[in-house]
Structure formats: structure tokens, C-alpha cells
Amino acid sequence: MDTPRVLLWAIFLISFLWDLPGFQQASISSSSSTELDSTKDVENRKGGKMQRTPQESAEGRTPKEHRPRPNELRRRLPGQSLGQEPPGRGPRVVPHEYMLSIYRTYSIAEKLGINASFFQSSKSANTITSFVDRGLDDLSHTPLRRQKYLFDVSTLSDKEELVGAELRLYRQAPPTPWGPQTRPLHLQLFPCLSPLLLDSRTLDPQGPTEAGWEVFDVWQVLRPQPWKQLCLELRAVWGELDARDSGARPRGPQQSPPLDLRSLGFGRRVRPPQERALLVVFTRSQRKNLFTEMHEQLGSAEAAGAEGSWPAPSGAPDAGSWLPSPGRRRRRTALSSRHGKRHGKKSRLRCSRKPLHVNFKELGWDDWIIAPLEYEAYHCEGVCDFPLRSHLEPTNHAIIQTLMNSMDPGSTPPSCCVPTKLTPISILYIDAGNNVVYKQYEDMVVESCGCR
């Protein structure tokens, strides 16, 4: 075969192989990767985008907690530096371990499909509010015969059903033994300036004198009327109690004066925050929209501030930060339009449950929500076209509407892919009075989707 014919066959073979996709891809990948990267950089610059690695993105972005939010700038007072608490506001609330344990227990129960209101400890309540004792130490050196506990309960709403209330007092280990006493020791709780005995506890003087919590039922004093300030008084006496006496005083000739409560471990001095007296109120409220309820809390906080009560917490967000501003609406519209373009054929998938991760910190709610800071809410997405699947549990109306849409799409819109089953989650947050609240919010997680 002569040389011209060989060259002709070689040119023909190369041109044939070049048209094959695999050969062309191999040829491109064997070329310089630097040239390809530089081409991508040029294209990204033209589109106004710069590619960065995740590490570079994190380092190049100012941390969210260090950036002032618009509502935070509005709340700053003249001469107040960023991050400094306004005058009159206390330090950031530290949740009591009891409230944290309630949240942990009920959250685990919800994941197992058990409603938290079924627990006996919840008293069938969906809201549990804790109030920390605001009383001051008795600095005198005289025996402490009566220990008073003060609580600001002005944030309690008369629209909620009160189903229980208890006072939790931590009894520290006594510094000295009680002595060779054979009579029982009675702890009695009264409303301040009232002879009405609310509850009592009996301690065995011969038993172990270990530290622990004493729990008193105070539902009786909160039930008749909503209080703004609640004052409770603790006393301790030896001897048998006369059940016929409304004051439940000791009976018999061996009556002794009330004991020094400090010697029993009820003094306030050198007491860490987790051992302070705690008033826990159990209420049951009707189902509310999350935003509506928070608006009501802001309104009550502003009213309380006008009356000269304790100020609202620094963590309570402004109402404007919850509502969609025009800028947010435009941004959401732009995102939704990009979303539609990006999905293309994927948007034609049938109605089903899709992931939706909610991060309260990204929403700017981490300054008043304690836990959880994030959760999986899910959402419903997809089309409801004919024929509808049985697992979508369509209503009769949805079936007819889908059938009409399949016959004439221009006359009838298709049925919508919406949640058909929603479940609650537990949220631990700080209310307008700086109190730690556990609440079970309904309709927070999508469990199933259907066509409606």
C-alpha cells in the first residue's frame, strides 16, 4: 500500500473516532486541567459568581452571632455598645435542670409516638412554665422562722386552663444533726399573710438527712384568680398535727416554737441557681398559630413594661422580625422562580414528602428558643395528576377535581399536594417575663402527604 493511501486511511480513521463521545471525552480529560479550571473561573466571573471551597466560604463569611440584626440595632440605646444589655435587664436566663429534664423526657416520648400530655407528671398540660424565686436573703442573724418565696406570675394568661401548680424547694443537707428527736418534723406551706394551709410534708428525724427536693402542691392558691405577684411562706414544726385545725398546728402539751429553717437546709445563702426555689405551673391552652401566640406575648410584655413591672427579656424578638418584609417577599419570589427553573422534570414527580430542615439559629430565634435549635419539619411537594394513588388518601373532591383537570387542564386546576398528618414537637423557650417555658406545639412536623 503506497504512502498517500496510508495517510488517507489514517485521516479517515481519526475523523471517525473523533465523532465518538468516549474518545472526545478522553481527549478533553487528557488535556491540561489548569486550562479547564481557568476556563471555569472565567465563566464564573462572567456570571458574577466565584467558586469557593466550604472552608473558604465559612472563613469568608462573618459569623451570624457576631452580626447585628436589624431589630437588635433598633433596640440599642444611645451610648450602648453592641452586645451590652440595656439597663434594667438581667443576665441571660439559665434554664433550670428540672425544665431541661422535662424537655428531654417529652421529646424522646414524641419520637416514640407518645403524646407528652399522657404523662402523669405533665398533668395533661401542653404548657409548663417555671418561675424562679425572686425573694432576697434574710441577712439578720436571728432564727429564720418563716421563709418567704416571691414569684412574678404576671405572664400567666387567664385564657389558659390551669391544671396544676407545684412549688419545688431544694433542701440542703443540714449543717448540724437534728438531735435525738422522736417526734415527726412537719414542713408547712401557706400563702403569705394567710392561715390557709396549702400543703405539708413530714420528715423523719431518725431518717437520713440527705439533700433533696421537697414538692408542695400550690394549685389551690393559683386557681381562684390570676395573680401578678405570688408570695408563699414555709414553716417547720415538731409534733403531731391537729387535722381539725385549719392552720394545722401541733397539738398536745409538747408544743414547741417554729424551727430555724436555716438549720433544716432551707436558707438562701450560698445557694447556686440550680438550687433556687422553683414554681412550676401546668396549663392547657387551645391550639394557636405560633406567630399569633408570640405576638400576644409581645403585647403582654409591652403592657407589663408600661406598668413598671420587670422588663421583657433581651431574647424576645421584635414583631417586625417575624413578619415577611417586602424585601423578604421579593427574595422568596426570586428563589421560588429559580427553584422552578432548576427542577424542570423533577418538579413533575408525584406528590410525596420531602426533607425540610429548620434551623432556628438561622431564623434569628436562637436568642429566645433554648431547644431544639434545629429540627426536621419536612414538606409536601409534587403533582397530583390522574390517576391518583390510594396512598395519597385523596378526598372525593380531589378525585373529581383531578379527573376534570385531566380532561381539560385549562378549565380546572389540579388538586394540591398538602400535609395530611402533622405531629407536634416540644420547644423550650424564654417568654416575655424571662421565664423558661416548655410547650408542645402542634402541627410542626409533616408525617404524610396527600392530594386535596
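Cβ atoms are placed via backbone N, Cα and C, with glycine included.
Under the heading compositional bias 'Basic and acidic residues', Swiss-Prot lists 37-46 (among others).
The compositional bias 'Basic and acidic residues' feature in Swiss-Prot is assigned to 58-75 (among others).
Sequence annotations record features per position, and here Swiss-Prot assigns compositional bias 'Low complexity' to 301-317.
Under the heading compositional bias 'Basic residues', Swiss-Prot lists 327-348.
When secondary structure is read from DSSP and collapsed to three states, C417 (disulfide bond) falls in the strand class. Per Swiss-Prot, disulfide bond is recorded for C351-C417 (among others).
The disulfide bond annotation in Swiss-Prot covers C380-C449 (among others) and rests on similarity to another entry. Within the same chain, the residues at least 6 positions away from C449 (disulfide bond) whose Cβ sits under 8 Å from its Cβ are C351, S352, R353, C380, G382, L392, C417, V418, P419, T420, listed in sequence order.
Positions annotated as disulfide bond by Swiss-Prot, on the basis of similarity to another entry: C384-C451 (among others). On its own chain, C384 (disulfide bond) has R350, C351, L392, P394, A398, T402, P414, S415, C416, C417, C451 as residues at least 6 apart in sequence with a Cβ closer than 8 Å to its own Cβ.
Positions annotated as N-linked glycosylation site by Swiss-Prot, on the basis of sequence analysis: N115.
Residues or ranges marked as region 'Disordered' in Swiss-Prot: 29-93 (among others).
What Swiss-Prot lists as region 'Disordered' is 244-267 (among others).
The region 'Disordered' feature in Swiss-Prot is assigned to 301-348 (among others).
Annotation comment: Swiss-Prot describes 1-22 as signal peptide.
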**Request:** Could you tell me which three-state DSSP class C351 (disulfide bond) falls into?
**Result:** coil
